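A.B. asks: Copying in the features that Swiss-Prot gives for the protein in this structure:
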type	residues	note
ACT_SITE	His224	active site
ACT_SITE	Lys226	active site
ACT_SITE	Asp231	active site
ACT_SITE	His404	active site
ACT_SITE	Lys406	active site
ACT_SITE	Asp411	active site
DOMAIN	219-246	domain 'PLD phosphodiesterase 1'
DOMAIN	399-426	domain 'PLD phosphodiesterase 2'
TRANSMEM	3-23	transmembrane segment
TRANSMEM	38-58	transmembrane segment
Amino acid sequence: MTTFYTVISWLMVFGYWLLIAGVTLRILMKRRAVPSAMAWLLVIYILPLFGIVAYLSFGELHLGKRRAERAKAMWPSTARWLSELKESQRIFATDYSEVARPLFQLCDRRQGIDGVKGNQLQLLTTTDATLKALIRDIELARHNIEMVFYIWQPGGLVDQVAESLMAAARRGVHCRLMLDSAGSLQFFRSPYPGMMRNAGIEVVEALKVNLFRVFLRRMDLRQHRKVVLIDNYIAYTGSMNMVDPRYFKQDAGVGQWIDLMARMEGPVASTMGIVYACDWEIETGKRILPPPPDVNIMPFEQESGHTIQVIASGPGFPEEMIHQALLTAVYSAREQLIMTTPYFVPSDDLLHAICTAALRGVEVSIIVPRDNDSTMVRWASRSFFSELLEAGVRIYQFEDGLLHTKSVLVDGQLSLVGTVNLDMRSLWLNFEITLVIDDDGFGSDLACVQDDYIARSQLLNAAEWQKRPFWHRIVERLFYFFSPLL
């Protein structure tokens, strides 16, 4: 009997080390970024069983077998749609500013579609303005409304949006609503899903959180886009979730959330529509390709509208597209670079690009919230400040709420606005969307918004920063080591 237990014990020890060795080899064979690989190996060696479970759950990009098959199956029809769209040569821009040209070339080569012109674009700088404009557009909708959001939380003006959407469905407008399962947990626990379905709205819970499937799909892969499409002509996107900040996370101690949204009219709605169609097919298996833009009702003269490129990321989309776009934008800067983000945990490549821009004389400013709703991200962000300050980057800490805007402005001409945070999750994992706008007029509007943020911020003093407590530095470095996992 003793021999039997001895054999069992040795088999368990052998299996234990074999499992660790197997996961280690798997991490090394994935050719992931070195900091990310090292962070995962550290977790596995310090807390082996927890680390292995965590890695298998969150360490690899598992979309799930069914969704992966749908993503693969949808591309032939999507490619045909893009090919047909490219035949409408009049909607595509052919002339770009010097600072924007490299980024638009990258997007064309990697996504197979160039920037579209003839769009009317409006910045909405407050949640009230956005929700009221959206309600008006929903009330005027005639054919179809598509929405996708990470968070939909009932309360305040959001309830008016819901009522307008249900009224639109009742009068015959085809309405689709896709919400992330984790982000919109309160919505799915409320009466609204049933009310909306009864009104005729197709409501989809995207990427359902299911602990029984934890090893079959990565649970922290989230649908992070915020998009509204109306009648294949009007489109919204930006940083705002479907929440009224007066009712959202009031107990978080960070103040009201500050967001920025863009409202567009024109052919860009079709290019955003194909992104929505892909998301819908991946989640439901149903194909809903949008119609091509109506070339008879759009102003195509370059002077009459904005040139916009849509960048989409996530499983099934070109890998590292958002990351490469940001790097290209930063390296294109010659005079000024202003970046706004609520969560600043950049990749090494992006950090070095930002510092290099400052070192070659570009005026670089980063605007982040002073208080953050994520303690881990707040400490991890602070770990990058010393290197940025040494390079000459100006860091502004916003003091009038949680600044949730995600924007980049390069030389007052090239603008990026969308859902992408400057952190690993947005850069490598989630379903995200970003607009690229080549227009100095829009750049001026965005600069005014950023100037307002700066006026409500405190400039971080490099000398004072060096005087922070020693224990702060220890905590910062600890979270810095795990920043590739955040």
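Placement of Cβ uses the backbone N, Cα and C atoms for every residue, glycine included.
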A.B. asks: Around Lys406 (active site), which residues of its chain at least 6 apart sit with Cβ under 8 Å of its Cβ?
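C.D. replies: Lys406 (active site) has long-range Cβ partners Gly238, Ser239, Leu260, Thr340, Thr341, Pro342, Val417, Gly418, Thr419, Val420, Asn421, Leu422, Thr434.
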A.B. asks: So what's the average pLDDT for the domain 'PLD phosphodiesterase 2' (399-426)?
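C.D. replies: Its mean pLDDT is 95.
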A.B. asks: Applying a 10 Å Cβ distance cut-off over all chains shown, what neighbour count does His404 (active site) have?
C.D. replies: 25
A.B. asks: Looking at the active-site residues Asp231, Asp411, which one has the fewest other Cβ atoms within 10 Å of its own Cβ?
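C.D. replies: Comparing Cβ neighbour counts within 10 Å for the active-site residues Asp231, Asp411 gives Asp231.
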A.B. asks: Taking Cα atoms as reference points, rank the active-site residues His224, His404, Asp411 by distance from Asp231 (active site) and give the first.
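C.D. replies: Ranked by Cα distance from Asp231 (active site), first place goes to His224.
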A.B. asks: In the domain 'PLD phosphodiesterase 1' (219-246), how many residues does DSSP put in helix, strand and coil?
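C.D. replies: Per-class counts: 0 helix, 11 strand, 17 coil.
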A.B. asks: Between His224 (active site) and His404 (active site), how far is it from one CA atom to the other, in Å?
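C.D. replies: Their Cα atoms are separated by 13 Å.
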A.B. asks: Could you round the CA separation between Asp411 (active site) and His404 (active site) to a whole angstrom and send it over?
C.D. replies: 22
A.B. asks: For the C-alpha pair, I'd like the distance in angstrom between Lys226 (active site) and His404 (active site), rounded off.
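C.D. replies: Lys226 (active site) to His404 (active site), Cα-Cα distance: 13 Å.
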